[in-house]
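Accompanying notes for the structure given below.
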Amino acid sequence: MNFNNLKANHNAYLAAFARICRAANLHTNICLYQPMRGHLRIKSPLSQLGLFLGIFGVAYILIGVLSVLIYQANGISIASLETIDWNNPHFISISKWVQALSSVFLFILPAYLYARFTFTGNYSYFLGFRNAEKANMYVLAVVGILLAIPFVFWIGKLNEGIPLPEGLTKLEQQAGQQMAAFLKIRNPFDIVVNVFIIALLPAIGEELCFRGALQRILIQVTRNPWAGIVLTAVLFSALHLQFSGFLPRMFLGIALGAFYWFSGSIYTSMIAHFVNNAVQVIWASYAPDVIEKNPEIPVLAAIASGIVVWAILWFFQKQSTVTWAKVYHTDELTPFDQFIA
């Protein structure tokens, strides 16, 4: 048997099959199959989840140790961290460096290592670095995240009414003090530094970690995009360890996860995430009261905001031709774009 001819016939069949699908304008889960671009070293989603959690856990410990070493190298003892002086410019400067390194070591590095150990092909493609289905999806994602602000503030106000244990309340107060100190404008360059450290780096790192890696795994585990998106959003919010903002952060996580899934591009969710962060950083820098509590939003405005965001997500879904193979372009799929059982 001539295996070269067999392979050529197989590829010709797949190409013809794809042409038929495009001609018929069929965008179902059995269409738009393309040849694989890489090979999975670890096929089991649960094994991938274990690997990712292991990498994340090690990174969490390492950044904790590194943070202590950085503080000590700058004359700040561990004991003094218990009674932090948030008016000390030197301490604030060091803390911003620690925050920036945390985004890299806790989010960007684990996502890269997960891709590196799991996949043999293009790691950036594996993590979602590809063009969106349609160019207008970038704009729609930004518009959606901005129009979500009234609804986010409203559910944030509801979240504030949920009682927390004394220990968590203390942590929330410390987090609020830290953020207020970070956002205090001492010179014109501070706003640029804050946007970079608090808006840009987290947008890149958290999207790679939660959407590029974790959401990918959980969608495979559940075999359901929305289930994976919601589970990822819950973990995304919980791991921030700021429970007074759990519900609004979870809502934003769902929106960002949907933007990524339906566009097929992590650029979409990164841009929306950055815009959301940047708006809040700039707003809080000049109106610090919003750090302590969410502003009052009329119920009708909140409902209108929620409906508009839902409509944008619906439009995203209607425009999208994303299939399993578009997002998970690996040998874990059959030629009919279904996961191998």
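Numbers run from 1 along the shown chain.
Glycine too: its Cβ is placed from the backbone N, Cα and C atoms.
Residues or ranges marked as transmembrane segment in TrEMBL: 49-71, 91-114, 135-155, 191-214, 226-244, 250-276, 297-316. The annotation domain 'CAAX prenyl protease 2/Lysostaphin resistance protein A-like' is assigned in TrEMBL to 191-279.
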Taking 191-214, 226-244, 250-276 as candidates, which has the most Cβ pairs under 8 Å with the transmembrane segment (135-155)?
250-276
Over the domain 'CAAX prenyl protease 2/Lysostaphin resistance protein A-like' (191-279), what is the model's average pLDDT?
92
Which residues of the same chain, at least 6 past either end of the transmembrane segment (91-114), have a Cβ under 8 Å from a Cβ in it?
48, 51-52, 55-56, 59-60, 62-63, 66-67, 70-71, 74, 76, 84-85, 123, 127, 178, 181-182, 184, 193, 196-198, 201-202, 204-206, 208-210, 212-213
Run through the domain 'CAAX prenyl protease 2/Lysostaphin resistance protein A-like' (191-279) and tell me, per DSSP, how many residues are helix, strand and coil.
81 helix, 0 strand, 8 coil
